[in-house]
Each structure stands twice: as structure tokens, then as C-alpha cells.
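A quick write-up on the structure given underneath.
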Amino acid sequence: MIALFSLALLFFASSLHVEAQDSESRIKVYANRGDNITLPCRLDGLSSLFGNRIKWTKLEDDSTETDVLMSMGFHKKTYGNYQDRVYLLEADDNDATLVFTNLDLKDYGTYRCEIINGMNDKTVEVDLELQGEDSLSFTGVVFPYSPPLGRYNLNFQNAEAACLEQDAVVASFEQLYAEWKSGLDWCNAGWLNDGTVQYPITKPREPCGGARTLAGLRNYGRRDKSNSRYDVFCFTASIQGRFYYLIQPKKLNYDEAVNACMRDGAEIAKVGHMYAAWKLLGYDRCDAGWLADGSVRYPISRPRKNCSPTEAAVRLVGFPNKKQQLYGVYCFKPQP
């Protein structure tokens, strides 16, 4: 594994970070959006790649598999949106490593490499997770999210979709733990990407697990992904574009806000854009503005009276009637 990782670093100057799991058949890879990375899979101990059947699939949450790549000697095929974005590294006869180019948020998840070689079949699973700018730490921001319907309305599949809609992915335990160590305190339980439901408490109190309990992550354990409903903890890393408050002569309703950003050559910003700009860039603005999900929020990096007097935070005004002309708007211009 060490030799393979060293080889991968020679091929790619990306922020790839690999962790061995409980056994050789489980690996974690952390990478940024837009990276070119490798998902390791070796055939050590088997005869040769030539003539072996190699199959890469993505494991979906409903227990189905999505085909990514099939290989039989010189014959190779990629599928769906993986076409022209993945290929086998094939650094030597024993290498079935998958090369991934231009990572997108929808690419994150668990992949399975199957090598069919007569009696010597082998399976490796790789968890591909979103990483921040620093490949050795969880640089980014975890934020709790609930939809306009209110608290505890998301099953796991809805939670994944909700995070993607906000330019984020469902957070991992490690990412939530790092955010808790940085001071995140939130009393609503939310999904994590391993299917558990947890919430971080830095100030123990009665409604949040009890006043006499220790600070930490409260863990409800694994829940039924289809029928259980909670909030979700999302994770977003680098912001790839410009986030800004659009100055307007008057307050706007939601449709006017969307159109104002479009006229400025931008799109209405998402919740993940605001959190990334606030946490990673120190963005500070005491003006409540519409976001794409219909919420109204504002980011405060410098606590002060009438804005956020006690702490730096992204403040949620709520999900008001979209016809109300009471707010400004935050826009986002993606990098060209």
C-alpha cells in the first residue's frame, strides 16, 4: 500500500490523503473538488492483469450499484457521467487503481473494485470523502441543515440531496468531531454519512442529553435510512467562486432576488456558499439576504450589538413568505 501511495503521488500533485481502514479491503481517500485522484486497488499475489476481469462500481444508499468501469484485458468501458473522467492507472501488471479526474460533489461515496481471477477473486472498497484545502486536516466547515418544512423531516436519501443542493456533502464523523472541538454546539440530531445520527454539545444542558453529562457527540447510532427522519450535518470545503451581498436600491422578494443576481451575471447563493465564505474567508455582513433554498440568513465573523452580540455565526432569520419584499440577496459567481 505504501508503494502504491508513493506512486500515486508521483502521478498527481493533488491533496489526496489515504487512510487504511480495519483491513486491506477497506480504504479511505480524502480529496478536494476538482482534484485528479486515484482510488487504490492492487492485485498483489495474483498472476497478471492481462485476461483478468476488473469491475469498478459505486455503492448507492439503496443497496444498488452503479457501474463505473469494466475491463477485460485491452477491452475497457466506462459508464454514464464517468465517461472520459475515469481510467485505470495500470502502473504495472498488478495495478487496478482507478484514476478519477475533475472530482464533482456527486462523485463522493463508496466505490467497490472487484477483480475476477478464477479462484483468486479479490474485492476492495474505497470511501471517497470531501477534504478541505489542507490534505492533512479537515479544513472546511460543518453546518447543520433542516429544510423549509422544519426540523426532523429528512430521511437519509433526502439528507444527501439537501446537502448537495447547498453545495455540500453529508459530513463524516471525523469532520463533525473536528468541528465540535472547534466549538460547534447544536442540539438537533442530524445524519452523518455513515448512516448514524449524532449531534455536538460543548455546553451540556437538560434538553440536550442532560446537564450532568459530559460534553461530546451525542450518538443515536445507526438509523433506518428510509423511514427515520432527522436533520443533517453538511460539510463544505473551498469556495470556488465569488460570494457577495448584492447592493440594491430597495428590498426584494425571493423572485426579485433571483433575477437581481442573474442580471449581475451570477446566481443566487446557496447555504454552503455562505458558510464557506464565513468560515474560510472571514466574510462578515450584517444584512439579512435571500439564499437559494428560500431561507434568509447573514454571516457574522465579528460579533457586535444588533448583529450577533455573543459569537461569530451564520444567523438564520427563517424561511419567510417568498413574496415579502423585506430582504437583500447574496449572490455567487462560479469560477469560469
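Keep in mind that glycine also has a Cβ here, set from the backbone N, Cα and C atoms.
The signal peptide annotation in TrEMBL covers 1-20.
Annotation comment: TrEMBL describes 34-129 as domain 'Ig-like'.
According to TrEMBL, the domain 'Link' annotation covers 141-236 (among others).
Counting every protein chain shown, the Cβ of Cys187 (disulfide bond) has 14 other Cβ atoms within 10 Å. Sequence annotations record features per position, and here TrEMBL assigns disulfide bond to Cys187-Cys208 (among others).
If you look up TrEMBL, you'll see 241-333 (among others) marked as domain 'Link'.
Its Cβ placed at the centre, Cys286 (disulfide bond) has 14 other Cβ atoms within 10 Å. The disulfide bond annotation in TrEMBL covers Cys286-Cys307 (among others).
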Inset, instruction - Measuring Cα to Cα, tell me the gap between Cys286 (disulfide bond) and Cys187 (disulfide bond) in whole angstrom. - result: 25
Inset, instruction - List the helix, strand and coil residue totals of the domain 'Link' (141-236) as derived from DSSP. - result: 22 helix, 30 strand, 44 coil
Inset, instruction - Work out how many Å separate Cys187 (disulfide bond) and Cys307 (disulfide bond) at their Cα atoms, rounded off. - result: 22
